[in-house]
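Features reported for this protein in TrEMBL:
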- 20-105: repeat 'Solcar' (REPEAT)
- 113-197: repeat 'Solcar' (REPEAT)
- 209-242: repeat 'Solcar' (REPEAT)
Amino acid sequence: MADAVLAGGKGVERVSHDGLKFWQFMVAGSIAGCTEHVAMFPVDTLKTRLQVPAAGSAISIQQALRSIVKLEGPLGLYRGVVPMILGAGPAHAVYFSVYELCKSLLGGNLSGHHPFVHALSGVAATVASDAVFTPMDVVKQRLQVESSPYRGLADCIRRIMREEGLKGFYASYKTTILMNAPFTAVHFATYEAVKRVLMEISPGSASEERLLFHLTAGAAAGALAGVVTTPLDVVKTRLQCQ
């Protein structure tokens, strides 16, 4: 975990995550977050189009994909990717750092299973990172919607500031917290629980098997958290694009 000081026992103990220092964990989290968002951005664009359809239309995933490729070309799937990168880098650095720091301070690094600590640390990380990411997420989604009136990143930022002020960038912040806090709590608690069970089933597993454990735990956690919070995600998207 990120460098942190824990009181207890015979004094003070310094813990780390696989030998990484605090700033290294921030950089690693930032790179991982940006990579994830870029890889999944076409899917995110389709999700936004489905959640905020054009007036009077109800479309499927296939119809949305065909429409974007036909009218805007393949690059239309990446409209809004620049503000996403600008926001995701710093936000993920904050996210992973706050999560690891809170987990360390709350005793999540001690032996045993601590689902409440993992969930609480995830919520704290979400509140902090969303404060950083929400403004660029608003810009991203306004560029993603069909027939977006904005010419690009700079034009979108200028018009939001001129027409709505700073609060326009945070119109959905409360809803985002209400969505991401339970998402993160469910995600991290499920991830740590599934990973722990798999490790107990095969404690002497090779590194390749351990990688599969992490992937399986991550997939299960993401799927469950997504199902729980999708309704609030629709509300958040519509608030940001109104």
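Cβ coordinates come from backbone N, Cα and C, glycine included.
Keep in mind that this is a model prediction, so the values were computed, not measured.
Residues 47-48, 51-52, 137-138, 141-142, 145, 171-172, 175-176, 178-180, 182-184, 186-188, 190-192, 194-195, 198-199, 202 of the same chain lie 6 or more positions beyond the ends of the repeat 'Solcar' (209-242) yet place their CB under 8 Å from a CB of it. The DSSP breakdown of the repeat 'Solcar' (113-197) into helical (H, G, I), extended (E, B) and coil residues amounts to 71 helix, 0 strand, 14 coil. Summarised by DSSP class, the composition of the repeat 'Solcar' (20-105) is 72 helix, 1 strand, 13 coil.
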